[in-house]
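Colleague: One structure is given below, represented as structure tokens, and several questions about it will come after.
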Amino acid sequence: MCFAEIDLSYVAELRKMQPVFAHRRPDLYTLHVNEEDDDESSMMFAEFPIAAESIFYRSALSFAFVNLKPVLNGHVLVCPKRVCYHLPDLTDAETADLFVVSKKFHNVTSSTICVQDGKEAGQTVKHVHVHVLARREGDFGCSPDNLYQNLATHDKDPNVQPRSQEEMSAEAALYREAMKQT
């Protein structure tokens, strides 16, 4: 019979030093892992603070939140945690994470996913973001493409009032619960 003393704190220390994930070959395995982040702090969307109650999903590199002036019911935004103005400014990991998070919310039969990258494309907030809009039959009359005109002007119309924080918090709570189901 043989006995050995095992120091579990030393084993834990050794495991931390083994960069097994870093050794994975990108040609065989994806190096992107999208894990939900349980941080509950507010975030910045360019220079605009986004209340924690308006955020319904967070990953390590991105977050999703409800829109202050939505074009349609179900119009949400997904953006990287790091403020970047243009899509090419994101790292590959941030780009992958941004679209994986966008895809998670894309759990409807039809949607429009749009990135307005730069002023000429209609970007009004200097922070890369993905518009995810749940679509329904006839939501913009006879042409679904009428959405783009609305998207370009919805936040500039003085008659369109921003929603209250209470309204946005309630919507985010619904999405937060729905995201737990996926």
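Along the chain as shown, the residues are counted starting at 1.
From the backbone N, Cα and C atoms, a Cβ is placed for every residue, glycine too.
Heads up, TrEMBL stuff is auto-annotated, nobody curated it.
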Colleague: Choose the correct range: of 67-71, 127-131, 167-171, which one does TrEMBL annotate as motif 'Histidine triad motif'? Give that range.
Modeller: 127-131
Colleague: Give me the DSSP three-state residue breakdown of the motif 'Histidine triad motif' (127-131), ordered helix, strand, coil.
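Modeller: Taking the motif 'Histidine triad motif' (127-131) as a whole: 0 helix, 2 strand, 3 coil.
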Colleague: In whole Å, note down how far the CA of Tyr148 (site 'Important for induction of apoptosis') lies from the CA of Thr124 (substrate binding site).
Modeller: 14
Colleague: Give me the mean pLDDT over the domain 'HIT' (41-142), rounded to a whole number.
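Modeller: The predicted confidence over the domain 'HIT' (41-142), as a mean pLDDT, is 91.
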Colleague: Could you say whether, by DSSP, Tyr148 (site 'Important for induction of apoptosis') belongs to a helix, a strand or a coil region?
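Modeller: Reduced to three states, the DSSP call for Tyr148 (site 'Important for induction of apoptosis') is helix.
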Colleague: When you tally the Cβ atoms that lie within 10 Å of each candidate's Cβ, which of the binding-site residues (Asn67, Gln116, Thr124) has the highest tally?
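Modeller: In terms of Cβ crowding, the pick is Asn67.
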Colleague: Cβ-Cβ under 8 Å from Tyr148 (site 'Important for induction of apoptosis'), same chain, 6 or more residues apart: which ones?
Modeller: Cys114
